[in-house]
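Working notes for the structure below.
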Amino acid sequence: MTALDTDTPTAGRSAPLISPGPVIPPPDFGPLDRAQGWAMTAIITALAAITRFLNLGSPTDAGTPIFDEKHYAPQAWQVLHNDGVEDNPGYGLVVHPPVGKQLIAIGEWLFGYNGLGWRFSGAVCGVIIVMLVTRIARRISRSTLVGAIAGLLIIADGVSFVSSRTALLDVFLVMFAVAAFACLMVDRDQVRERMYHAFLDGRIAETRWGPRLGVRWWRFGAGVLLGLACATKWSGLYFVLFFGVMTLVFDAIARKQYHVPHPWRGMLRRDLGPAAYVFGLIPFAVYLASYAPWFASETAVNRYEVGRSIGPDSILPIPDALRSLWHYTHAAYRFHSNLTNADGNHHPWESKPWTWPMSLRPVLYAIDNQDVPGCGAQSCVKAVMLVGTPAMWFIAVPVLGWALWRTVVRRDWRYGAVLVGYMAGFLPWFADIDRQMYFFYATVMAPFLVLAIALILGDILYKPNQNPERRTLGLLTVCFYVALVITNFAWMYPILTGLPISQTTWNLQIWLPSWR
């Protein structure tokens, strides 16, 4: 043996293995087929516009609004002709923030005080919701085909359809909540892209908390949109809370995936403060800004309560205008909190939240069965009912169960995000089940149900390691289901739009005893 052999540390041993670098997520920050994606989105949006605007001005109640349109259409008209505030002469109090009525007023300004006028803005928002759901599904599934499927499903959803064609506030709440969700999905991808580049630059472990992520404009946009949601209905606050927690969890997981030494503490140190600003201060500022006409008015409801219902002195140096707004807000809250069954408040179409996932107790917005012509039978019926398309809503429980399993067991963030959105519109209502409630509160749940179904269909289409026969079977299954939903929607179309049908057909449309 030579000296060289004995002096070599690796003599007589195999070559050492090189330790691999830490495993990080692949650089996947969104779909890449942008041209195809936008072409598909344009087609789906055009289809949505046709369905939402076709014969939009009908039906009416002898030329007047139907159901709760009787509140919001007149209030929007007052907004239009009273410097942006409601006179509200026919009711004791205006009990919802102003943004929804301000948007309804745009349509009334364009087309006048008629069915088209007071429903126009809602229909525009309904089309935007379809576009947003399409884009969200495409982004989180990384599939333009799945995005198209989601778009078709939301077009054919009875709840989303009817809410887009009536002058209630819920469609505006849905649009702002879904738009905020869309912003947060883009923000999630952007955060991971920034973390990826920080990893390549060696900046991940510069501190125990990981890198700062810079200005996050998509998340800022989500804060603005959530403020508009709260300024439409106070239930928008639930989405502020649920989405705020969701994005912080996303941040912590991203830091963990890119091997930040202390990811959760890093999230608390780096991300919690900016998130509090985006989900706290920004929505509050937007909410206050929506009351600008009220602040500027001399005659708005409760505008000058300091010195009347409120004492002139205050412990904190709060401007009188804000104190008056707080008094007004508290009066509206008192109205809602006292609207309970125990106090004798009942409505023939009220429902409780456990009936909402399967659309077990819909809402009849309008019905006319007296001397109605046009159906070819002796007895005709015209009705508008807010009801979910059964092919989707009747399977809500297994869909949600599957989504929960995918979230908890398979750690599939896509299903988790969709569940957060769904539960934000569902769970908080269980806090006071004695309150008078209606199925139209569940309108905001519909887009997230559609997203969950679209993800499941996408998993059927793109299940890995499938042989050609199983892939073909999966494609046929998805096509059959989408066709079933569209057929179901077409069958129910008359009771969603107020078209005249025979009494026999009406009885066939009402599937469940609880629908009567």
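Cβ coordinates come from backbone N, Cα and C, glycine included.
Source: prediction; values computed, not measured.
Feature annotation from Swiss-Prot assigns compositional bias 'Polar residues' to 1-11.
As annotated by Swiss-Prot, region 'Disordered' applies to 1-23.
As annotated by Swiss-Prot, transmembrane segment applies to 113-133 (among others). Same-chain residues lying 6+ beyond the ends of the transmembrane segment (113-133) with a Cβ under 8 Å from its Cβ atoms: 41, 44-45, 48-49, 52-53, 56-60, 63, 65, 69, 72-73, 76-77, 103-104, 106-107, 150-151, 154-155, 160-161, 163-168, 171-172, 174-175, 178-179, 182, 447, 450-451.
Taken from Swiss-Prot, the feature transmembrane segment applies to 143-163 (among others), supported by sequence analysis.
Residues annotated as transmembrane segment in Swiss-Prot, with sequence analysis given as evidence: 166-186 (among others).
Outside the transmembrane segment (234-254), and at least 6 residues removed from its termini, the chain residues within Cβ reach (under 8 Å) are 96-97, 173, 176-177, 180-181, 184, 187-188, 191-192, 195, 213, 219, 222, 226, 228, 263-264, 266-267, 270-272, 275, 278-279, 283, 333, 336, 413, 417, 420-421, 423-425, 428, 441, 444. As annotated by Swiss-Prot, transmembrane segment applies to 234-254 (among others), with the evidence given as sequence analysis.
What Swiss-Prot records for 275-295 (among others) is transmembrane segment. With a cut-off of 8 Å between Cβ atoms, the residues of this chain six or more beyond the transmembrane segment (275-295) that come close are 79, 83-85, 97-99, 102, 216, 219-220, 222-224, 226-228, 230-231, 240-241, 243-244, 247-248, 251, 303, 321, 325.
Annotated transmembrane segment per Swiss-Prot: 384-404 (among others), in sequence order, evidence recorded as sequence analysis.
Taken from Swiss-Prot, the feature transmembrane segment covers 413-433 (among others), and the record attributes it to sequence analysis.
According to Swiss-Prot, the feature transmembrane segment maps to 437-457 (among others).
The annotation transmembrane segment is assigned in Swiss-Prot to 473-493 (among others).
Long-range neighbours of the transmembrane segment (413-433) within the same chain, counting only residues 6 or more positions beyond its ends whose Cβ lies under 8 Å from a Cβ of the stretch, are 140-141, 177-178, 181, 184-185, 235, 238-239, 241-243, 245-246, 250, 253, 337, 340, 352-353, 356-357, 400, 402-404, 406-407, 441-442, 444-445, 447-449, 451-452, 455. Beyond the ends of the transmembrane segment (143-163), by six or more residues, the same chain brings 31, 33, 36-37, 40-41, 43-45, 47-48, 51-52, 122, 126, 129-131, 133-137, 170-171, 174, 359, 365, 384-389, 392-393, 440, 442-443, 446-447, 450-451, 453-455, 457-458, 461-462, 478, 482, 485-486, 488-489, 492, 496 to within a C-beta distance below 8 angstroms of the stretch. It is 384-404 that, among the stretches 166-186, 384-404, 473-493, forms the most Cβ pairs under 8 Å with the transmembrane segment (437-457).
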